[in-house]
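Participant: Pasting the feature list from TrEMBL:
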| type | residues | note |
| --- | --- | --- |
| DOMAIN | 110-269 | domain 'Alpha/beta hydrolase fold-3' |
| ACT_SITE | 192 | active site |
| DOMAIN | 319-381 | domain 'Alpha/beta hydrolase fold-3' |
| ACT_SITE | 350 | active site |
| ACT_SITE | 380 | active site |
């Protein structure tokens with residue numbers, strides 16, 4: 001009996017070790033912590049697949065547990081006043097430095113857009129709350145976090161439009177005065193899908209007729225910037241990387257546009273481009289915009305263009321592919337020249353690495369001031385891993401460098 005228990009225990013330990021272990025590159029710091037963290041994400045993803053297969057709950061509905069597990073009620077403290085409000089019908093969270101009597105100082109502001117693939121995430125998650133407080137304390141700034149609506153309940157362009165409405169509302173001079181914000185010192189920032197929304201807002205705002213207050217800076221943290229080519233070198237190199245494997249990123253993209261699974265399958269095969277979107281492939285040609293050292297062993301092959309709506313899904317998904325509000329990399333060079341200075345953070349072990357690098361390359365060529373910070377041992381989501389038990393050293397470094405750039409450039 002005792003021997004059988006030992007065998008069962010050893011088998012359980014072996015299975016656990018086999019499940020947790022992943023062939024993660026040796027140069028990544030805290031590899032075992034990352035493996036343990038990712039084993040939770042993988043388990044939840046498998047559960048989500050099973051739930052969807054059985055018709056119990058859709059995939060993103062199960063994955064949303066990540067958001068619920070991290071949600072907090074934001075509270076004011078002795079230094080920061082926190083309020084939950086609505087700007088033009090959209091929920092926001094405002095973090096403001098507490099003023100002393102007679103304080104009439106105008107402060108800089110950061111509009112922050114959370115990540116989560118447009119399907120997950122919330123400004124009420126503890127890592128975002130912690131980041132907002134750090135920005136307020138270190139920059140003496142106002143932070144506006146936007147609680148935009150999520151897919152698949154609300155497909156593109158709803159999340160983008162929510163964000164754009166909030167930014168437009170906040171940039172009214174009367175609103176800025178109400179919150180003691182300096183109109184000349186406002187940045188928009190976001191991570192992952194939030195970086196996508198921040199880039200899109202920066203581009204569209206400059207085209208707004210009569211817009212008096214413009215953004216001074218945009219800070220994009222491992223942003224996702226295009227959906228036309230999902231086989232860039234970083235998508236291929238990092239297809240099985242922890243936190244954001246290619247499968248999950250493609251699922252996020254497809255859910256952002258439509259719930260039609262045929263479109264997801266086409267995106268997985270990189271055969272989702274319509275004739276309309278194919279004319280824009282020149283803007284995401286990584287053989288042109290990606291520095292040679294990132295090409296690695298990969299050779300450029302233009303994505304297949306397929307005729308017929310059945311290949312691209314229903315509900316306008318094929319039209320959304322060509323919309324720069326969804327894929328900011330698709331704008332022509334002429335639309336880049338007047339954009340605000342940019343901070344772009346990319347990670348070597350991230351499927352989105354090449355999106356950020358290509359955008360940095362194009363912005364620099366257009367004459368925009370760009371700070372590109374690349375983490376050779378970085379992985380997707382690092383900035384959010386600053387809360388125990390998933391606190392990573394690289395997450396702290398990313399946070400410090402990001403805030404340092406804001407302090408010097410805003």
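Including glycine, each Cβ sits where the backbone N, Cα and C put it.
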Participant: Report the DSSP secondary-structure composition of the domain 'Alpha/beta hydrolase fold-3' (319-381) as helix, strand and coil residue counts.
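Facilitator: Helix, strand, coil within the domain 'Alpha/beta hydrolase fold-3' (319-381): 22 helix, 19 strand, 22 coil.
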Participant: Please report the number of other Cβ atoms within 10 Å of the Cβ of residue 192 (active site).
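Facilitator: There are 29 of them.
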Participant: How big is the Cα-to-Cα gap, in Å, between residue 350 (active site) and residue 192 (active site)?
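Facilitator: Checking the Cα atoms of residue 350 (active site) and residue 192 (active site) gives a distance of 11 Å.
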Participant: For the C-alpha pair, I'd like the distance in angstrom between residue 380 (active site) and residue 192 (active site), rounded off.
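Facilitator: Distance (Cα to Cα, whole Å): 8 Å.
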Participant: Around the Cβ of residue 380 (active site), how many other Cβ atoms lie within 10 Å? Please give the count over every shown protein chain.
Facilitator: 27
Participant: With every protein chain in view, what's the tally of Cβ atoms within 10 Å of the Cβ of residue 350 (active site), excluding that atom itself?
Facilitator: 28
